[in-house]
Amino acid sequence: MAAKSSASSAHAKRSRKKDAGASSLISKFLKTPKKAMALALLFVDAILVSLIIAYVPYTKIDWDAYMAQVSGFLGGERNYKNLKGDTGPLVYPAGFLYVYSAIQYVTGGQVFPAQILFGILYIINLGIVLLVYVKTDVLPWWALSLVCLSKRVHSIFVLRLFNDCFAMTLLHAAMASILYQHWHLGLIIFSAAVSIKMNVLLYAPPLLVLMLQAMNISGVISALAGAALVQIVLGLPFLVTYPIEYISQAFNLGRVFIHFWSVNFKFIPEPIFVSKQFAVSLLVVHLVLLTMFAHYKWYKQEGGLFNFLCLRIRSCFSKSSSSWPKILKKEYIATTMFVGNFIGIVCARSLHYQFYSWYFYSLPYLLWRTPFPTLLRSGGVLECVSLKLLFICSTPLSSLSHIVGLMVFITRKSLHE
């Protein structure tokens with residue numbers, strides 16, 4: 001009887017400990033509503049994605065072309081000009097082939113199991129984005145829901161199966177790594193994202209800005225070397241066989257999309273849109289804006305871009321202790337990268353609707369870094385989601401809205417705030 005009573009007492013103690021642990025966990029989540037909201041959003045969106053896959057018809061756009069290009073690669077073809085699908089020759093770097101080869105192996109090239117994989121990818125990407133938002137602590141807890149409201153982004157992931165999904169998931173993972181000061185790992189992941197689609201390079205200028213602020217010169221060089229090594233290793237089968245064809249096809253920065261399908265600068269007449277002069281003009285504007293932000297915003301605390309560069313050059317030859325490496329604030333890292341990408345989006349000549357995934361997840365963050373009232377901030381995201389008024393300069397009014405957004409960031413005292 002004594003033994004029985006002792007066992008019963010021990011069981012009661014374990015139950016009380018479990019109850020106390022559960023109660024502590026609940027109280028902890030109540031004290032951190034952003035984490036609770038993020039978990040709730042992941043759960044709800046996972047259900048929504050499942051329902052979309054089950055009940056919304058798949059939209060055939062690029063999947064067959066992807067599979068045809070992958071089949072050519074798996075069949076032994078290494079000349080990039082001969083890797084073709086029904087949408088034309090392959091124009092993505094080698095990482096794209098490895099990712100979609102793996103998908104073809106797992107799914108047998110069938111759409112439905114691929115949709116399930118992309119649904120999982122969507123939730124992973126959303127989880128990383130929510131991590132960035134929670135760690136930077138810019139939005140109120142309820143505004144986290146804004147990153148889940150885009151019908152088009154859901155479609156891009158689970159109904160269209162675009163490679164933009166993998167590129168942006170890796171980009172967000174790279175950003176999360178950098179928030180935790182894992183710069184070398186972040187650069188490797190960033191390079192992997194570039195190997196799937198080159199739009200990720202829009203983040204390269206602000207990323208370089210941050211690296212020069214946070215790392216010593218040897219660290220910057222080694223991180224860039226690691227990123228370059230990723231490109232070399234992934235592209236090696238093509239670089240040792242048909243290097244010119246690979247580089248010219250996979251890294252063609254001069255491609256022009258058909259005016260009819262582009263949503264960027266749709267209001268520009270086609271003869272001007274496709275002209276080289278227009279492309280050069282946008283490039284000049286892009287470089288000028290990046291230089292302005294670097295001088296007046298990103299390096300403001302260091303006395304401006306040119307003073308900062310002089311300091312870095314002198315530090316390379318100085319024997320005295322340097323102020324590098326240093327820790328950058330998480331919100332400053334995210335703001336700099338999102339603003340840099342925003343500048344690139346505004347100045348990009350040719351963009352298709354799936355490229356919305358490059359841009360959407362930064363919208364709530366950027367709006368909350370402005371002095372606009374809360375109603376206008378949330379309304380700006382909802383407007384973009386529902387009416388697409390703000391989507392990537394397709395009309396003069398939306399183009400003006402982006403210019404206004406840039407002016408707001410230019411006139412801010414500091415992006416460190």
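Note: Cβ is positioned from N, Cα and C throughout, glycine not excepted.
Just so you know, TrEMBL annotations are computer predictions that nobody has curated.
Annotated transmembrane segment per TrEMBL: 36-58 (among others), in sequence order.
The list of residues near the transmembrane segment (90-107) in space but at least 6 beyond its ends in sequence, with Cβ under 8 angstroms from a Cβ of it, reads 66-67, 69-71, 73-74, 80, 83-84, 113-114, 117, 163, 166, 192, 194-198, 231, 234-235, 237-238, 246, 249-252, 255. Under the heading transmembrane segment, TrEMBL lists 90-107 (among others).
Among the features that TrEMBL reports, transmembrane segment is placed at 114-133 (among others). Residues 34, 38, 41-42, 45-46, 49-50, 52-53, 58, 63, 103, 106-107, 139, 144, 147-148, 154, 157-159, 161, 165-166, 168-169, 172-173, 175-176, 179, 334, 361, 364-365 of the same chain lie 6 or more positions beyond the ends of the transmembrane segment (114-133) yet place their CB under 8 Å from a CB of it.
Positions annotated as transmembrane segment by TrEMBL: 166-183 (among others).
Positions annotated as transmembrane segment by TrEMBL: 189-212 (among others).
Annotation comment: TrEMBL describes 219-240 (among others) as transmembrane segment. If one looks beyond the transmembrane segment (219-240) by at least 6 residues along the same chain, the residues whose Cβ comes under 8 Å of a Cβ in the stretch are 78, 80, 93-95, 98, 183-184, 187-188, 190-192, 194-195, 211-212, 246-247, 250, 324-325.
Annotated transmembrane segment per TrEMBL: 277-296 (among others), in sequence order.
What TrEMBL records for 332-351 (among others) is transmembrane segment.
The feature transmembrane segment is assigned by TrEMBL to 389-410 (among others).
Outside the transmembrane segment (189-212) by six or more residues, the chain places 92-96, 99, 163-164, 166-168, 170-171, 173-174, 177-178, 183, 219-220, 223-224, 226-228, 230-231, 234-235, 251, 253, 290, 294, 298-299, 308, 312, 328, 333, 336-337, 339-341, 344-345, 348, 355, 358 with a CB less than 8 A from a CB of the stretch. Only residues 6 or more beyond the boundaries of the transmembrane segment (277-296), in the same chain, are considered here, and those with a CB under 8 A from a CB of the stretch are 205, 209, 254, 256, 268, 304-306, 339-340, 343-344, 346-349, 406, 409-410.
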